[in-house]
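Data block below; observations after.
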């Protein structure tokens with residue numbers, strides 16, 4: 001391969017090489033002819049093979065604390081982790097109790113949730129800076145389930161709903177069982193997804209979706225705390241439009257002066273000591289399975305987004321699959337100790353990182369502070385008004401409400417993402433958290449499908465003095481090359497947009513694929529009928545010849561002697577017939593095959609019936625060229641070559657292959673530009689390449705395809721002037 005490179009003082013470069021199609025590229029780049037991927041049996045053997053290094057890698061992968069704790073530097077990290085741990089531990093106390101109210105649980109269970117899961121994450125987590133524990137969004141999701149399955153009306157004693165009192169102890173105990181069952185099920189989902197390396201599932205939750213969802217959830221959190229802030233206990237509503245009903249009940253309660261009937265509500269007794277572990281009640285699984293999956297996905301999305309943010313800032317890596325397993329273990333183990341679902345908190349994580357925290361040792365120190373509180377000083381919080389905890393929740397919601405500033409920013413940058421944000425926020429606000437999340441994910445997926453179904457199709461033109469080919473509608477200096485249409489799609493071609501791709505190609509290039517295919521089918525049908533007829537006639541003629549030869553050879557000498565004159569005349573006549581037949585057969589066989597001239601008139605008459613299709617095809621696909629040669633041409637236009645730039649295609653399906661094949665079959669000078677090896681392999685596997693569509697019609701650049709098309713047509717006078725001051 002002759003390649004000449006020359007440096008230019010103007011900062012550009014000059015390259016001279018031959019035109020590269022796919023076959024030349026394989027030769028120049030020395031494409032590997034063997035597969036580097038191990039077979040299935042080899043992978044199974046490798047997975048079952050056990051060795052000391054492999055065992056060590058597996059242990060370090062599943063238990064990350066073993067990879068960094070033995071090398072923990074006390075001099076560099078201890079002071080920072082100690083200060084950070086104390087700061088986060090102090091935050092855990094009010095947040096844990098306040099967020100437990102969001103989950104419709106007693107405050108002490110928020111303290112439990114701030115203790116056990118943090119220790120589990122210390123062992124299995126991979127982020128150094130996030131603070132795992134209670135979080136407002138997850139707490140409100142848990143609360144919606146506990147109040148739906150254990151409403152106050154189910155625990156009325158000594159009267160009716162209007163006159164009786166609520167058995168708070170029985171209600172709270174039942175709600176704890178529900179919360180623990182939901183938590184262990186969410187943890188199981190997360191562990192299973194992590195084991196099968198399904199951590200990428202969170203990528204379907206885009207940043208606008210997560211931020212819109214958390215903002216809508218913050219509104220639910222805010223409304224749920226109004227009853228504690230103002231000291232009222234309105235009826236709790238669940239399901240779609242529940243937020244509106246809460247708000248309405250609060251307004252009625254306020255203006256009717258009902259607050260005078262209520263005294264200040266306080267936290268109440270916080271029992272000292274730790275409870276023995278208890279298995280969650282599996283009978284609730286069928287009722288909370290949908291909510292558990294939603295909690296599992298949302299908590300993981302929040303956790304991994306914060307983890308990757310801090311990892312990028314401090315230059316280390318977070319394993320998304322291991323984070324899924326770690327969070328699942330936090331929930332699973334915690335559920336046995338009366339904890340509810342956890343995730344990382346933005347406010348606590350920022351404090352842990354900003355106060356000098358370097359590792360998850362800070363989490364252990366914060367857990368020690370929570371443990372001391374639960375064991376010794378929990379009783380000091382018994383007279384804490386719930387209104388104070390509500391104000392703590394409101395203060396911690398500040399960051400979420402600041403996300404409303406996303407709206408003007410997205411309006412300027414990306415209106416589709418703005419639409420996702422608004423739909424997510426509105427559905428979460430009106431349809432509640434679980435149904436709102438489902439609507440948000442569905443709408444987000446629809447936007448992806450819509451973007452691929454409505455791509456930008458363009459005709460490319462050459463920019464003089466460069467090897468660039470740009471959209472002629474966007475760039476004034478991009479001029480079409482006479483006789484060549486270069487067509488590009490801005491997205492992958494697949495079954496959902498293949499028809500639109502074909503329609504756009506026909507509209508912009510003038511190539512009528514449907515008419516061409518119809519004409520080709522008629523021509524092929526005609527040729528097939530003709531070949532079958534010729535074959536049949538050849539068989540009949542051969543049969544006649546065999547009979548004639550057999551008849552001559554079977555005559556006896558006596559019969560010839562007796563009828564010498566007549567036999568001689570007859571034999572001469574018969575011999576002439578045989579010779580003529582052999583000659584005709586040989587002549588016709590040499591030209592068009594085994595055709596009997598006796599049937600030529602019939603053949604001509606039958607062929608005239610199907611001449612229409614052939615004439616249509618000839619008029620569409622052929623154009624005279626100097627020298628008498630004929631080349632493919634787009635119907636009724638001056639276009640002789642079509643170049644399909646499919647460099648944006650990342651995969652192909654059967655519909656894509658069929659579409660491209662139809663275009664290439666109809667247009668003799670149709671070329672493709674593609675430099676994605678995996679897509680070329682997919683085309684090969686799908687049987688795209690053949691004698692009619694060789695790999696030599698696939699080029700590495702548009703420029704190569706253009707030069708090839710011009711060379712085929714003999715137009716060597718087209719020269720691209722690429723000077724030293726331009727870029728290729």
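Just so you know, glycine gets a Cβ as well, placed from its N, Cα and C.
Per TrEMBL, these features apply:
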COMPBIAS  531-543  compositional bias 'Basic and acidic residues'
DOMAIN    474-709  domain 'STAS'
REGION    526-553  region 'Disordered'
TRANSMEM  99-124  transmembrane segment
TRANSMEM  178-200  transmembrane segment
TRANSMEM  242-264  transmembrane segment
TRANSMEM  284-303  transmembrane segment
TRANSMEM  355-375  transmembrane segment
TRANSMEM  425-450  transmembrane segment
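Secondary structure of the region 'Disordered' (526-553), assigned with DSSP and counted as helix (H, G, I), strand (E, B) and coil, comes to 28 helix, 0 strand, 0 coil.
Counting Cβ pairs closer than 8 Å to the transmembrane segment (99-124), the top stretch among 178-200, 284-303, 355-375 is 355-375. A mean pLDDT of 65 is what the model gives for the domain 'STAS' (474-709).
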